[in-house]
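See below for the structure under consideration.
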C-alpha cells in the first residue's frame, strides 16, 4: 500500500514538471530523472519542510528539468524515524533530516547535529567544510551506503518552557520535562524526570500537567505551537542545542550513477539551501521574539550553578560516546578540538560584539 | 594595453578549460561561454580571492563546462576600485567585491556590506533573503545596470591594533589611525586623526610611526599581515564591522541573455559560496586566534564610555546617509528595523549561549 501510494505521488509530481518547466532543447524528455526525497517532518513545516522543497526546486532549475525531486513528509512513504532505512534499502533515493535522529544506529551521529555547549551554526559548517567533519561524516554514513550533505541549521535554540523558575539545582529535581537528545540525558543525570514525547503532544501534555517543562525549537516554532499559553517562564538559550545541523543524504549507488554535473548540482544546491535555512530561522526567530514576549512571557537564563552542573553531566555523556569505538573517538576529538578553540574566540568576538550592540540599541 | 592584457589572459583561460574539462555530449563546444570576473583584491587572497575561484569552479562543474569564468585579481584588467565601472560598461561580465567599495556612487551601499553596531553575518543574509534587503539592493544596483548576489561574509572582524591602551575617550584624541568606512568616520568625530591607506601599506606605516593604530580584518588575515609585530594591544571585536558582506555582480544584459538553467546556476552558486566563505573565515579565525595571542599580543575591549560615544557618532553618520534620498531612507529603515529587533534576540540567545560555553570550557 505504501508502494502504491508512492507511485501515485510520483506520477502526480511528473505531471506538474511537464506542465511548468520547458526542458532545454539539448535534453530529451526520456533523459530526465524522477527522484523521491523523504523527511521526518510534515510537508510544509516552517524552516524544515519548506527548505527541503526549495532545495528540490533549485535542483530542478539548475538541471533544466533533468533531475526532478518529489518531496514527501513524515509518514507519506515511510514513518519519520525510518528515513535512513528507506534510503539505505533503496526504497527512495534521498532524504532530508538531522543526523541525531539516527543516533540509535550510532550515538556519535549527535556530533553532526549538535551537542551541549558545542558548535554554533556557523562553526558547525566551518568544522564540516574546513575541518575533518565532512570526511568523518562520510565515513560514518558509508556504513549505511549513503552520502551526507550539510543542509543548514536552526540556529541557537531556546532552553524551553517551564511552569516555575529554576533558581537552583534543587528546582530541577523530580521536574517532569520533555527534553531532547544529550540535553535530556544531562537533565536526567541532574535529577529531572525526562520523557521524550512527539512534538504534536507537547502542548496537551503541558496543559494536562503530565509534564512541567518542555523544550521545542526557538521563538518562531515555539510561537506557532502556542507554548506561551501553558508556561510562563521561557529559558534562553538552549545549552544543549547551540546550532543543530540539518542534512540531505543520498543513496551512494544512486549518487555515483549520476553524471558529474548532476552530482555537482546536488552538492552545491545542498550548500545553497544550508545558507538559506539558517537565514530563514534567523529572520523568523528575530521577528517572533518580541511578539512572543508581549504575550506575557517572562524570559530567564539558567543560573551559573545549573549551567555548570549540566555541563559536567553533558561532558560525561559525550565522553561515554567517544569511548565507544575508534571512529566515535576520532569524531569527538576533532569536534571538541574546534569547540575548545571556538570557546574563547566566540566570547571575545561574537559575544562581546552582541553585548555592545544590545547596549547601543537600548537592551 | 589593458585590453590586450585582458585578451591574452582570456585566451590562456580558454586553453585550460579545453584541456581539463570533458564537455558533456549534449553540449557542443561552440555553445560554451567564457566570462571574466574581476576583483578588488589580489588573486589568491585568503577567504576572498580563493572563494571567488571556488565559485567559478562550482559554475563550471554544474554547467558541465557550458559557462567558464576566468577570475582576475586587482589590477590585472582594471584597478581595484573600478570593478563596478568595468561591469557597468561591459568591459567584463562580472565582479566579486563588497558593496561599500562603491559607496562613492551611493553611501547607502554601506548597508549591504556592514554598518557599525549592525547586522551579524547570519543576520545580513536573513535581511537580504527574507527581509527587503535583496529587493532594495537590486533597486540600488539597477542604476549601474548590474544584478547583485550575496556571496558571503568575513564574520565579526577585529577592532584593530593599537600601540597603547584605550582606557577613555581622551586616549583616542589625536591618535593617528587607519580605520575603514563608517567606523573611520565615527573615530574621526571622536577626535582621532583617521587616514585610509591601502592594506599593503599598513605594516610599514605602523613600523615607521606614521600611524599609531590600524584595523584590518580578523585573526586569520591580521596574522598573515604580521601586525602583531608592530602593536601590542589587539582590540576585539570591530564595533564598525560586525559582519561585512561580500558580493558577486553581473552585467544585467549579460545575465538576462543566459538560459534559465545558467541563471539559476549563477544564483545558487553564489548562495553556496556565501555559505562556504563564512565557514572559511570562521574556521581560520578560530584556528589563528590562540597562536596570534601566543606571539605576545594583549587582547582588550574598548571601555563602555568609548563604545557608547562611537555609537552616537556612528548613528549620526548613518542618519545623514538615510536622509540623502528616498531609496537611502527606505534601505536604512528596513535594515535598522531588523537590527533593533536582533539586538535583544542576539543578546539573550547567542551572546548568552557563547558566554555560558566559554565558562564551561574554561574561559
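Glycine is treated like the rest: Cβ placed from N, Cα and C.
Remember, predicted model here, so these are calculated numbers, not experimental data.
Binding of substrate is attributed by TrEMBL to B:178, B:215, B:241, and the same site annotation extends, among B:157, B:229, B:263, to B:157. For residue B:216 (Na(+) binding site), the same-chain residues 6+ apart in sequence whose C-beta sits under 8 angstroms from its C-beta are B:158, B:160, B:161, B:199, B:202, B:222, B:225, B:227. A strand conformation is recorded for residue B:178 (substrate binding site) in the three-state DSSP classification. Fewest other C-beta atoms within 10 angstroms, among the binding-site residues B:157, B:178, B:241, are seen around B:178.
Secondary structure at residue B:157 (substrate binding site), taken from DSSP and collapsed to helix, strand or coil, is coil. The residues near the substrate site, meaning same-chain residues not in B:157, B:178, B:215, B:241 whose C-beta sits within 8 angstroms of the mean position of the site's C-beta atoms, are B:158, B:159, B:160, B:179, B:180, B:183, B:214, B:216, B:217, B:238, B:240, in sequence order.
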